[in-house]
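Look at Swiss-Prot and you will find ASP389, ASP391 tagged as Ca(2+) binding site. According to Swiss-Prot, the disulfide bond annotation covers CYS240-CYS269, CYS397-CYS410, on the basis of sequence analysis. Per Swiss-Prot, domain 'Fibrinogen C-terminal' is recorded for 231-454, and the stated evidence type is sequence analysis. The feature site 'Implicated in ligand binding' is assigned by Swiss-Prot to TYR401, HIS411, TYR427, ALA428. Swiss-Prot lists 1-33 with the feature topological domain 'Cytoplasmic'. Annotation comment: Swiss-Prot describes 34-54 as transmembrane segment.
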Amino acid sequence: MGSDRWKNIGGTPQMEDSAQEKTQRKGCGYILCTVLLSVAVLLAVTVTGAVLFMNHYHAPSTEPPPVITTNMEDPNALVTIERADSSHINIFIDPNCPDPFPRLDGLQSALLSALADHDSEQKVAGGKERVLLTSLSDQVAQMVSQVARQRADWEIVKKVQNGLGAEIGALKNEQGRLIKLLSEGQSHVVQLGSSVSEVLETVQRELGSGRPRLKADLQRAPSRNSRPRGCANGSKPRDCYDIYMSGQQEDGVYSVFPIHYPSGFQVFCDMTTDGGGWTVFQRREDGSVNFFQGWEQYRDGFGKLTGEHWLGLQRIHLLTMQTHYQLRIDLEDFENATAYALYNTFGVGLFSVNPEEDGYPITVSDYTGTAGDSLGKHSGMKFTTKDMDNDHSENNCASFYHGAWWYRNCHTSNLNGQYLTGHHASYADGIEWSSWTGWQYSLKFTEMKIRPQREEN
């Protein structure tokens with residue numbers, strides 16, 4: 001009994017030790033299952049997150065996304081992932097662990113719901129992108145249509161501009177033709193006037209009241225030492241030639257009384273050059289008078305008769321309207337060389353009812369002399385000043401060349417230009433007579449004067 005008791009006593013600890021070992025082994029198993037289950041869940045979440053990350057950030061692919069499902073065929077597999085190439089990834093759990101499927105079903109449902117939401121968001125985003133692309137496409141179409149309309153409008157404007165250019169060209173051609181016709185008409189009028197004058201002179205000679213008899217009577221007038229202002233028979237002189245024929249044959253200032261201006265005005269008479277009897281209407285000699293004047297000054301005259309002066313366009317017109325006049329221009333350079341130009345036909349505003357409105361056009365022809373013809377090309381032109389542009393140039397020739405003259409486009413002579421001393425660097429803006437000294441030499445002395453055409457006895 002003692003022995004049995006010993007066995008019992010000794011055996012009891014062994015039985016208690018065996019139960020304790022079972023309990024420890026069972027606790028370790030639960031811990032191990034829990035750890036494995038946690039690892040499996042974490043692995044499933046990680047794989048699912050990786051798949052979602054790849055679906056969200058990677059470029060679009062034609063391959064279908066992996067399919068995540070529970071494996072009904074293998075009860076030990078927690079999750080099965082099927083790839084596009086039909087391969088599978090199974091996540092297993094220990095069969096000795098407690099049943100985790102109720103919790104895993106919830107996790108699976110949540111994962112599938114997240115995937116569905118992600119797909120829905122992608123579909124919504126894709127729909128928005130399609131709407132945006134459609135809107136952009138419509139806007140681009142509208143812009144293309146607008147550009148097409150603008151191009152069509154531009155083509156229309158271009159055609160209109162081309163048409164206007166052609167019309168302007170035609171108008172310019174017509175203007176040139178009209179100017180040519182007017183010039184030819186003026187020449188014909190001048191010729192007609194000359195013919196009429198010749199007829200009148202013929203009639204005068206036939207009636208016995210011609211100028212030759214008057215000249216013979218005047219040549220028997222008082223001697224040149226006497227200085228009465230007027231003709232010997234008491235009639236008023238019309239110009240310096242009448243004064244000369246009355247016996248007053250010294251240079252100086254005299255009064256003349258044109259037919260259409262009986263109150264008269266004073267002029268300077270050149271009684272020595274080429275037989276005398278010249279009425280001076282322009283002189284340049286020292287630059288003391290500014291000839292860059294306006295229209296009114298050139299119409300009425302300025303300066304001093306005994307020095308530099310311009311008699312005035314209106315007075316020149318009144319003188320040359322009386323009979324046929326010739327023009328003499330005397331020139332001198334700074335080397336004291338001299339030359340002259342003689343025009344047997346000269347007049348200002350000969351065929352004008354209102355010469356000022358017509359611009360006091362010049363008529364000049366029949367050149368002889370030593371200076372060359374630098375005025376003939378100006379015949380028929382109106383007078384231009386810095387404030388009255390009557391020339392054919394786009395610019396005002398008077399302003400451009402600092403003078404006043406019967407400019408065309410622009411000049412071959414400029415006797416009312418700046419008083420410069422001989423050669424100058426500027427172009428054609430001095431006292432120029434191009435046929436004698438060119439366009440860059442300003443003359444020292446000029447004198448323009450008129451006298452009735454001389455008649456043979």
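Cβ atoms here come from the backbone N, Cα and C positions, even for glycine.
Long-range C-beta contacts of TYR427 (site 'Implicated in ligand binding'), restricted to its own chain and to partners at least six residues apart, with a cutoff below 8 Å, comprise TRP439, GLN440.
Every protein chain considered, the tally of other Cβ atoms within 10 Å of the Cβ of CYS240 (disulfide bond) stands at 28. Counting other C-beta atoms within 10 Å of each candidate's C-beta, the binding-site residues ASP389, ASP391 are led by ASP391.
Straight-line distance linking the Cα atoms of ALA428 (site 'Implicated in ligand binding') and TYR401 (site 'Implicated in ligand binding'), rounded to a whole number, equals 6 Å.
Annotation for the recorded positions CYS269, CYS397, CYS410, ALA428: lowest Cβ count within 10 Å of the residue's own Cβ, CYS410.
Here the C-alpha separation of ASP389 (Ca(2+) binding site) and CYS397 (disulfide bond) works out to 8 Å. Summarising model confidence by region, the topological domain 'Cytoplasmic' (1-33) averages a pLDDT of 53. For TYR401 (site 'Implicated in ligand binding'), the number of other Cβ atoms no farther than 10 Å from its own Cβ, over all displayed protein chains, is 26. Close to ASP391 (Ca(2+) binding site), meaning Cα to Cα within 10 A, are the following recorded positions out of CYS240, CYS269, TYR401, CYS410: CYS410. Reduced to three states, the DSSP call for CYS269 (disulfide bond) is strand.
Neighbour count (other Cβ atoms within 10 Å of the Cβ, all protein chains): 28 for HIS411 (site 'Implicated in ligand binding').
TYR401 (site 'Implicated in ligand binding') and CYS410 (disulfide bond) are 9 Å apart (CA-CA, integer value).
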